[in-house]
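Student: Take this structure, written in structure tokens, and hold onto it; I'll ask about it next.
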Amino acid sequence: MVAMPPAWCSVALALLVALHEGEGQATATPEQPVPSPRAQGSHLRPRRCSCSSWLDKECVYFCHLDIIWVNTPGQTAPYGLGNPPRRRRRSLPRRCECSSARDPACATFCHRRPWADAVAVPGSDSPEDTFQAGKTWTTAGELLQQLRGISAANIRFARRQQEAIRAPRPTPSRRRKR
């Protein structure tokens, strides 16, 4: 049996451990640059894209991959999104900007046309121009039928709400549980 010096054994062991630890890590791609030494201590939040409006909850949910949604009585509040005042402002015709141009799902989500048509930029158009840009009704009767249908649905909903309020609730027993 050949006797090896203890120093060589520890160097070989350290080299094997270092190679084994680095085995599962992926190399950096051009889309994901190597983080700077300063940023290694902070958590980098993965984002698929960056939304133009914080009020667009669907966009925020789609773009920010590691947000935590907390249900509050008034609204659903996203946490972990950074500092909104530092965010670069963008024009509204685009819903969001994709981090990678090679992501077709993101490009479809951010640049699809129906969302841009549905958003009205305050002060950009008069209400008449906004109404004309939407769907034009072929006849006044069609518009009237749509409004009547909406009104009937609202009345049915209000009646159900009133019935639910008036419905007798079972009274709790007066006996204490042990």
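First residue shown is number 1, and so on along the chain.
Cβ coordinates are placed from backbone N, Cα and C, and glycine is handled just like the others.
Dumping what Swiss-Prot says about this protein:
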- 1-24: signal peptide (SIGNAL)
- 25-45: region 'Disordered' (REGION)
- Cys49-Cys63: disulfide bond (DISULFID)
- Cys51-Cys59: disulfide bond (DISULFID)
- 96-111: region 'Endothelin-like' (REGION)
Student: Counting only residues 6+ away from its ends, which parts of the chain sit with a Cβ under 8 Å from the region 'Endothelin-like' (96-111)?
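Tutor: For the region 'Endothelin-like' (96-111), the sequence-distant neighbours (Cβ-Cβ under 8 Å, at least 6 residues beyond its ends) are 31, 47-52, 59, 62-63, 90.
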Student: Can you tell me how far the Cα of Cys59 (disulfide bond) sits from the Cα of Cys49 (disulfide bond), in Å?
Tutor: 9
Student: Indicate the candidate from Cys59, Cys63 with the smallest number of other Cβ atoms within 10 Å of its Cβ, considering only these disulfide-bonded residues.
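Tutor: Minimum Cβ neighbour count within 10 Å, taken over the disulfide-bonded residues Cys59, Cys63, occurs at Cys59.
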Student: Identify, in sequence order, the residues in the chain of Cys49 (disulfide bond) that are 6 or more apart from it along the sequence and have a CB within less than 8 Å of its CB; answer 'none' if there are none.
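Tutor: Result: Cys59, Phe62, Cys63, Cys96, Glu97, Cys98, Ser99, Cys106, Phe109, Cys110.
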Student: Over the region 'Endothelin-like' (96-111), work out the mean pLDDT and round it to an integer.
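Tutor: Mean pLDDT across the region 'Endothelin-like' (96-111) comes out at 86.
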Student: To see if you understand the setup: which same-chain residues, six or more apart in sequence, place their Cβ under 8 Å from that of Cys51 (disulfide bond)?
Tutor: Cys59, Val60, Cys63, Arg95, Cys96
Student: In the region 'Endothelin-like' (96-111), how many residues does DSSP call helix, how many strand, and how many coil?
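Tutor: So the counts come to 8 helix, 3 strand, 5 coil.
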Student: Which state, by DSSP, holds Cys59 (disulfide bond): helix, strand or coil?
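Tutor: Its secondary structure by DSSP: helix.
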